[in-house]
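Taken from TrEMBL, the feature ATP binding site applies to Ala37, Cys38, Pro39, Gly40, Ser41, Gly42, Lys43, Thr44. What TrEMBL lists as domain 'UvrD-like helicase ATP-binding' is 16-307.
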Amino acid sequence: MIPFITDDDIDEVQVKTGLIFDNERRQAIKSYSDIQACPGSGKTTLIAAKLILLARNWRDESKGICVLSHTNVAKNEIIQRLEKSESGRKLLSYPHFIGTIQEFVNRFLAKPFCRSKGIAIKQIDDDACVKYIEKRLSWKTKRYLEGKPKANISDLQIRYVDGDFEKIIPGFTKHSSSDSYKCLLSIKESMIDDGIFFFREMFEYAQAYLKVNSDVILAIRSRFPLALVDEMQDTSLIQDEILNKIFLYEGSLFQRFGDADQAIFLGDDENSNSYNTSKLKVINTSHRFNSSVALLATRLSTNRISLVSTQADATCQPHTIFIVDESSRRKVLKEFAILCSSLPIDNELAFKAVGGVGKAKKDGLTLQHYFPTFDKGNSNKHFKPKKLIGYFRLAKEFKSCTSSGYKIILEGISRLLSLAGYNYLSVSDLREIIRDSKEKFSVNEKIIVILISDLNDEASWYKNSLELLRLIGLKEWETEVTDYISFSPSSPELSNEIEINNSFVEVVNDRDVVIEIDTIHSVKGETHSATLLLETKYYQYDIHQVLDNIVGLKSELPKGARKKKFMKQIYVAMTRPKYLIGITVDNSRITSTQKEAAVMNGWRIVDLTEADT
Ligand SMILES: Nc1ncnc2c1ncn2[C@@H]1O[C@H](COP(=O)(O)OP(=O)(O)OP(=O)(O)O)[C@@H](O)[C@H]1O
């Protein structure tokens with residue numbers, strides 16, 4: 001029986017949290033129909049509130065709620081909100097499931113299918129697959145692929161077509177007797193034998209499982225009588241199809257939340273899933289930004305959503321278009337910092353500079369052109385502690401002993417085992433090995449002892465960590481392992497060091513202004529104090545392609561999938577800040593008509609190419 005949520009329940013949450021749930025949001029909490037809501041409208045907040053209310057009266061011990069999201073960031077955000085509530089914490093374990101769509105599909109469909117067919121899955125990781133292939137390509141095959149600009153080795157994958165598995169061989173449209181074809185085919189065969197797969201291939205196995213075993217759908221429906229999906233706009237066509245097969249049926253409780261305007265994770269040809277094309281009434285009020293930000297960002301809404309701010313403060317900040325050229329490009333962070341220095345101090349909200357392309361590229365324009373030491377791998381979302389103790393400190397950040405904290409520790413142990421020369425083990429493999437071992441209780445007990453110990457006490461760290469190594473069977477090791485398990489004081493190991501790596505710092509009027517640099521994809525879902533959008537190039541210059549819309553010269557949508565994607569990325573960036581938006585564009589890519597229109601339509605122009613700036 002699914003608990004019923006009443007207005008009184010919602011009133012109680014309002015009083016406790018200070019959040020405001022108007023009629024539209026109340027409907028979203030009480031009903032199970034799909035919701036489209038604009039940036040900052042509080043989708044994540046609303047999902048967490050709804051889950052906590054459901055958890056309070058959830059009685060069934062064998063059936064649970066399935067909560068899915070597209071990214072780990074969104075999943076963790078929901079988990080962290082639930083952890084703060086006693087009822088919410090009940091949802092963090094069986095029979096409930098909170099995870100990414102990929103994790104759900106791996107666990108409930110792809111892995112069971114592969115087990116039943118004797119296919120051993122050891123690693124699911126696109127980067128590892130590409131490295132595996134690159135290492136094994138013959139010289140001749142490399143040359144062949146170089147002559148095929150559209151062929152991509154990351155397409156060397158299996159597909160489930162008409163009840164059969166086919167292998168895609170990049171650079172070939174049909175079977176061939178050539179050496180390059182044979183080389184690629186044999187690499188794919190050895191990948192399958194070695195158990196290494198692309199993420200996407202799990203969805204192919206999942207489709208096969210659903211086809212050959214119709215009971216599985218009924219079993220999942222019975223285990224999860226209720227499913228909620230966050231970030232639905234980013235769901236690829238195959239994910240959409242699988243979710244619909246399982247959760248969309250007469251009488252089902254399947255509620256999807258998203259914002260089609262923010263669909264930035266899809267491939268160019270995948271713009272529409274069943275959610276993005278459905279015509280839903282949109283919640284267009286945002287708690288995030290003031291009305292001047294709403295006005296500028298509205299021009300970039302692909303679905304023509306007129307954004308409305310709920311904030312009483314109507315102060316218009318100096319939203320600025322910075323004009324740069326090659327020699328003045330690096331000045332922009334400093335100029336933006338000066339603007340930020342006059343914004344209200346709010347330690348919770350960061351200043352960020354973001355762009356579409358983070359990876360250095362020949363002939364490109366990337367974040368490095370503005371901040372030369374930018375390194376995507378150092379972004380705190382991709383942050384991996386350098387030492388085992390760092391994993392324990394990170395896990396400790398989760399207030400209760402949850403599966404997320406345990407998973408982080410298992411990641412640390414998996415890395416320890418790799419350094420000690422063992423084959424790579426995924427977290428779930430390691431979890432299974434521990435579960436089946438006779439040392440299960442001692443290992444888990446030791447993990448808890450370390451987790452609750454004082455991680456700043458060097459002697460206790462060495463004592464405990466060496467006992468952990470003994471329990472997992474490590475008796476001798478090389479210096480790499482010694483370094484990895486060595487003690488280090490807490491401050492530089494965690495996020496501080498990382499943030500400094502990708503941060504620009506300027507002292508303005510005795511105020512330290514820190515601007516974090518990141519990609520647009522990494523800041524999705526975040527709220528900033530001010531956001532500076534940096535022009536980058538992915539085949540084309542992104543800002544340039546939609547500049548007419550930004551400055552208010554044009555209201556029609558740009559034509560072509562790539563331009564629409566740029567528009568969505570820029571929309572995501574422009575809807576992050578509470579107070580202030582900055583945009584950087586090259587001098588050669590803005591006309592005097594565009595400058596005039598910008599000034600008429602709410603922008604300030606600062607030309608950094610002029611000598612005295
Ligand atoms: N019901 C509410 N009442 C008051 N403030 C709220 C409410 N919901 C959210 N907020 C505040 O608005 C901001 C944005 O919320 P949230 O991140 O949940 O929005 P979102 O819809 O998930 O945004 P996005 O689409 O950009 O990911 C946060 O600062 C949050 O605290």
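Placed from the backbone N, Cα and C atoms, the Cβ positions cover glycine too.
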Looking only at Cβ atoms, how many others are within 10 Å of the one on Pro39 (ATP binding site)?
25
State the count of C-beta atoms found within 10 angstroms of the C-beta of Cys38 (ATP binding site), not counting that atom itself.
27
Can you list, in sequence order, the residues of the same chain other than Ala37, Cys38, Pro39, Gly40, Ser41, Gly42, Lys43, Thr44 whose CB lies within 8 Å of the CB centroid of the ATP site?
Thr45, Leu46, Asp259, Ile283, Ser286, His287, Arg288
Most Cβ neighbours inside 10 Å, all chains, among the binding-site residues Gly40, Gly42
Gly40
Under a criterion of Cβ-Cβ distance under 8 Å and sequence separation of at least 6, what residues of the same chain contact Lys43 (ATP binding site)?
Ile35, Ala37, Asp230, Phe257, Gly258, Asp259
Under 8 Å by Cβ from Thr44 (ATP binding site), same chain, sequence gap 6 or more
Ala74, Glu77, Ile78, Arg81, Asp230, Gly525
Which ones in the same chain are close to Ser41 (ATP binding site), with CB under 8 Å and 6+ residues apart in sequence?
Asp259, Ile283, Asn284, Thr285, Ser286, His287
Please work out the mean pLDDT for the residues of the domain 'UvrD-like helicase ATP-binding' (16-307).
92
